[in-house]
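Engineer: Once you've had a glance at the structure underneath, I'll fire off some questions.
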Amino acid sequence: MDTTVYVPIPDEGTAARPTVTPAVRARALTKTYGRGEAQVRALDGVDVDFTAGRFTAIMGPSGSGKSTLMHLLAGLDSATSGQSFIGSTEVTGLNDKALTALRRTRVGFVFQQFNLLPMFTAEQNITLPVELAGGTVDKQWLGTLVDTLGLGKRLTHRPSELSGGQQQRVAIARALIAQPDVVFADEPTGNLDSRSGAEVLSFLRRSVRELGRTIIMVTHDPAAAAYADRVILIADGKIAGDITDPTPESALAGLDALRTVAAR
Amino acid sequence: MIRLTLSQMRRSVGRLAAAGLAIVIGTAFVAITLLAGNVITRTTYDSIAAQFTGADLVVRGVPADDTALDAVRDTDGVATADPQLMSYQQLEAGGRTIFQGVLAEPTDTSVLPLEVADGNLPEASGEIALPVDVAERLDTTTGDTVTLVRNVLEGDQESDEDAWTEVREQLTVSGTLTDPYGAYSMQGGAAVAPAADVTAWDDDLRAPGEEPVEPTTVLVTLDDGTDVETARTAITGALTSAAAGSGTDTSGLKVVTPSEHAETVATEMTGGDNVIFTTFVLVFAAVALLVAALVIANTFQVLVAQRTRTLALLRCVGADKGQLRRSVLFEAAVLGLVSSVVGLAAGVGLGQAALTIGRGMDLGVPLPATVDITPAVILIPLVVGTLVTLVAALSPARAATRVAPLEALRPADAPSGARGAGRVRLVLSTLVAVVGFALLGGGVAVSTVGGEPSLGLMVGVAGGVLSFLGVLVGAVFWLPRVVALAGRLVGMSGPTARLAAANTLRNPRRTAATSTALLIGVTLVGMMSTGAASARVTMDAELDSRYPVDVTVSTDLSSDPVSVAAGDAAVPAVPGTLAGTVRDVAGVATVVESPATAAQVAGDGVDDGLAMTVRAVDPADAGSVLRSTEMVAPLAAGTAVVPEELSEVWNISDGQTLTLTGPDGSLEVTAAVTDLADSGLLVVPDDLASLDADAPVTSLWVGLDDPGDAASVVPTIQDAVADTEAPADVMGAAVERAGFQQVIDTALGIVVGLLAAAVVIALIGVANTLSLSVIERRRESATLRAIGLSKGQLRGMLAVEGLLIALVGAALGVLLGLVYGWAGAAAALGWAGTPVIVVPWRDVLLMLVVAAVAGLVASVAPARTAVKTSPVEALASE
């Protein structure tokens with residue numbers, strides 16, 4: 001049954017808050033792997049805007065190109081053609097040095113495997129990006145993050161002494177410490193049980209609502225996507241749908257619709 | 001399972017190759033050592049074979065006295081029989097002195113393996129034929145004369161020292177000789193003189209009543225057409241019956257052909273010099289292999305850790321623990337064998353190259369053309385190399401069996417491997433170290449305070465070995481702490497360094513093993529250089545107290561004070577130009593001319609007829625060259641400074657009045673005994689003039705700019721003196737210093753060279769550890785890149801890691817080396833005066849710099865790999 005909240009790509013400007021400017025943009029972004037016969041179009045001319053101060057989920061089945069899109073948006077991988085922007089900076093075409101600088105100050109990452117450094121305490125892990133950039137830690141902001149993420153008692157613990165959910169919360173704090181323009185989260189709940197997963201997603205949402213951050217999350221889980229303000233569906237390297245204020249059901253329905261399309 | 005192991009090896013071939021390199025160096029070292037031992041044996045054989053090449057038979061094992069020689073000579077078919085007699089004699093010409101072995105000329109000169117280059121062999125008593133190079137050094141040619149200086153025991157006097165008198169004879173050089181077969185290359189060449197002369201010189205060396213020591217080797221030539229075997233039997237028979245008459249023991253008698261003889265002697269050698277040499281070098285090879293074992297063990301530990309998942313999977317599908325253990329050991333065996341073969345080939349190749357180069361350089365010793373590859377040369381390196389690798393892999397193999405099947409199902413994460421070491425090990429290693437250090441201290445005390453240097457040295461060495469063992473085994477406990485401390489210091493410089501410091505601590509065992517490998521080599525090098533420096537300074541201090549000036553050039557030492565005082569002889573003066581020449585030698589600061597005469601000395605309790613050399617020096621001048629002016633402080637008109645040693649011998653006491661009588665008058669002086677080391681009395685020039693108005697300058701007191709330069713300045717002075725052909729002796733602290741400094745430096749150079757192999761292997765280990773860590777930390781490097789670590793910072797992080805591991809190992813090694821070097825010097829040199837403790841700053845700095853540079857270089861290749869890691873990999877789930 002298709003009680004769809006699935007909406008075809010709306011015209012520009014249907015966003016609920018018209019005053020906001022896009023934090024991240026992609027224009028005709030394309031990524032191909034291989035040559036000739038074996039060529040695979042992982043991303044096929046994607047145009048998309050991500051609004052600042054919003055929590056957006058990119059959802060799609062395995063191999064849809066959702067991870068590739070995120071890598072390109074974040075400047076982790078180079079595009080075959082097209083452009084991507086963070087704020088007014090064109091990410092495509094930056095050299096490694098500039099990209100490193102960009103990652104230090106303007107982008108944060110949350111990984112599926114947490115990727116905390118095992119030899120450092122939670123606090124050292126959180127403040128590492130600022131230190132690498134040679135800056136000083138904003139104590140007040142650190143306090144706010146620690147309070148919001150409920151890490152107060154865990155700061156002196158090492159990752160091996162923390163649960164998966166706690167580790168991921170440390171990772172979120174690390175991603176936010178430099179007050180970046182945007183945080184990319186790659187399947188942040190993929191390695192967590194459902195309770196810890198829900199907790200982490202709530203924290204991500206709170207970071208957006210209470211701290212005014214911009215988060216772009218890649219996931220294949222409709223329940224996780226439902227925490228976002230908006231879900232962008234992707235299939236076969238193309239944008240296949242856009243859901244505003246999703247619910248688990250609407251997200252799942254969108255995903256199902258993609259599968260049906262793919263199956264046909 | 002074997003196929004699986006091999007395919008796994010193929011996947012890790014790069015890592016294995018790095019570990020294999022350590023074994024390659026170690027086995028090459030062993031192979032070269034064994035080859036060198038063979039070359040020594042071979043050279044000995046060749047040289048002995050050459051010595052007897054002209055003889056038909058060699059008689060050994062009986063004293064070649066007249067009875068025996070006559071018995072041999074009277075045997076049918078024997079043409080000539082001559083004892084092989086070589087006597088070492090002192091030859092002088094033009095101020096140069098040489099000790100030279102002189103062969104008794106045989107009846108049949110075709111027996112001599114030497115060839116006449118110029119002139120001819122000696123034909124009459126008083127002639128001598130010299131090796132070409134000796135003739136050159138003495139600056140003589142055929143027809144010139146050389147002086148033979150001998151000490152001869154006069155008359156029947158009992159062994160009183162005075163009975164020895166110096167005899168100088170002139171010998172005519174009849175010709176020069178070459179040694180084309182290198183027969184006497186190991187004895188420094190051989191001169192030839194008539195048999196009667198050589199026998200007479202040799203006889204004179206003996207104290208009266210002492211039994212003549214007859215040479216035990218007789219060279220026999222046979223008449224043409226005589227069968228060797230028949231002659232052999234006949235000679236044996238003749239000697240046995242002759243010996244039966246005189247009651248000589250003939251149990252050792254052997255009549256052999258020259259080649260049989262050479263073989264016997266060479267075999268005897270292999271039980272002597274050769275074994276000492278081989279053992280000495282093999283000790284260093286063993287150190288290198290121990291370090292290699294550490295590197296291998298480390299590599300396998302990491303390989304097993306990285307393969308945890310595969311191993312667990314194998315366990316899941318039914319592999320038992322034994323199979324996993326065997327797989328790892330098989331891998332080690334293959335690696336060990338392959339590396340050993342490569343090492344052996346490298347060793348043989350290097351050995352051959354060294355021989356070829358050595359032959360081209362004309363070293364004076366005829367070297368064989370090719371290396372002598374015996375079964376031992378092949379087998380020992382192969383077996384040792386493979387075994388060391390296998391033993392090193394034992395512990396990693398055990399770790400492999402501990403992998404639980406369950407680990408296959410867990411997410412792959414960087415293997416932690418941070419398992420602590422056992423308590424037993426901690427207790428045992430601490431105990432061994434404490435006992436070892438106590439013994440070391442005890443050894444030093446026994447040697448210095450107890451005055452038992454040989455016992456002290458033995459205890460000290462045992463303590464040193466024991467404590468070092470304890471330190472090494474315990475390294476896994478204390479070394480990481482030191483690294484942590486160093487890391488904390490380094491970490492203050494910024495986040496990159498802090499990351500690096502934290503990284504070195506995540507696997508303490510590995511860091512400890514890597515640092516330890518370096519520590520071993522550095523400790524030994526540090527010990528040697530500290531020991532050498534301490535020995536040098538201790539000896540310097542001892543020499544300083546023995547000699548008042550750096551260098552003395554003196555002509556009066558060999559003249560007899562009694563005859564000079566009696567006016568029967570004159571003291572030869574130092575040539576007038578010599579002072580100026582010496583003063584112009586670079587490195588000479590001051591030259592003070594000192595005139596001397598001889599005077600009769602009379603006083604209460606002083607033996608009658610005592611005559612002594614009386615030297616004069618201006619007190620102000622003396623102050624400028626004397627090491628300590630205290631020695632001549634009492635010097636003034638009317639005072640004679642008496643060296644303490646002389647005062648004891650001649651019963652002269654401090655403050656006593658002495659009457660000196662010289663050729664031109666006499667003088668009353670007050671004796672002032674000081675610890676001046678000299679062979680005569682010292683007065684002021686005016687006093688000397690009243691004894692002998694024409695006292696010639698017989699001594700030059702030479703002060704050097706820097707006594708440390710003795711090694712370069714002294715030979716120049718010696719040459720300058722030799723050129724004047726004056727009979728002057730050059731002596732003093734600087735002269736002896738130049739001599740032993742060279743010995744110490746050469747020995748140190750050899751030992752450090754041998755240890756270098758161990759240090760190189762350890763540095764390979766540092767690079768290996770770093771690259772393995774980099775592979776292990778791929779995801780982490782990617783994460784760091786993703787959160788803002790620049791490529792430069794990543795490189796910097798690895799460089800700091802390399803630096804930390806290398807520098808901590810080197811610094812601790814230097815520290816331990818200082819302790820061992822000091823203890824060793826104190827225990828060994830306690831007899832030579834109070835041991836002086838020295839830090840060889842230059843060497844210490846050099847070692848640290850080498851370690852630091854090596855640590856940095858070791859990080860280059862791993863850093864290149866790490867930088868290639870894309871930040872995307874941090875996101876990958878596998």
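Each Cβ is built from the backbone N, Cα and C atoms, and glycine gets one as well.
Any TrEMBL annotation is an automated prediction that lacks curation.
According to TrEMBL, the domain 'ABC3 transporter permease C-terminal' annotation covers B:283-403, B:754-871. If you look up TrEMBL, you'll see B:12-36, B:275-297, B:328-353, B:373-394, B:426-449, B:455-479, B:516-535, B:747-775, B:796-823, B:843-861 marked as transmembrane segment.
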Engineer: Count the CB pairs under 8 A between the transmembrane segment (B:747-775) and each of B:12-36, B:275-297, B:373-394, B:426-449, B:796-823, then give me the winner.
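Structural biologist: That would be B:275-297.
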Engineer: Grab the same-chain neighbours of the transmembrane segment (B:12-36) for me: Cβ-Cβ under 8 Å, and only residues 6 or more beyond its ends, written as numbers and ranges.
Structural biologist: 277-278, 281-282, 284-285, 288-289, 291-292, 295-296, 298-300, 302-303, 331, 335-336, 338-340, 342-344, 346-348, 350-351, 354, 371-374, 376-377, 380-382, 384-385, 388-389, 757, 760-761, 764-765, 767-768, 771-772, 775
Engineer: Taking pairs 6 or more apart in sequence, does the count of Cβ pairs under 8 Å between the transmembrane segment (B:426-449) and the transmembrane segment (B:455-479) hit 3 or more?
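Structural biologist: Yes, the transmembrane segment (B:426-449) contacts the transmembrane segment (B:455-479).
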Engineer: Using Cβ distances below 8 Å and needing 3 or more such pairs, separated by at least 6 in sequence, tell me whether the transmembrane segment (B:373-394) contacts the transmembrane segment (B:516-535).
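Structural biologist: Result for the transmembrane segment (B:373-394) with the transmembrane segment (B:516-535) is no.
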Engineer: I'm checking region-level scores; what's the whole-number mean pLDDT for the domain 'ABC3 transporter permease C-terminal' (B:283-403)?
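Structural biologist: Taking every residue of the domain 'ABC3 transporter permease C-terminal' (B:283-403) together, the mean pLDDT is 84.
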Engineer: Where, among B:275-297, B:455-479, B:516-535, B:843-861, do we find the most CB pairs under 8 A to the transmembrane segment (B:796-823)?
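Structural biologist: Looking only at B:275-297, B:455-479, B:516-535, B:843-861, the most contacts with the transmembrane segment (B:796-823) come from B:516-535.
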Engineer: Need a quick answer: max count of Cβ pairs under 8 Å to the transmembrane segment (B:843-861), which of B:275-297, B:455-479, B:516-535 is it?
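Structural biologist: Top-ranked stretch among B:275-297, B:455-479, B:516-535: B:516-535.
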Engineer: Kindly report the helix/strand/coil residue split of the domain 'ABC3 transporter permease C-terminal' (B:283-403) according to DSSP, in that order.
Structural biologist: 100 helix, 0 strand, 21 coil
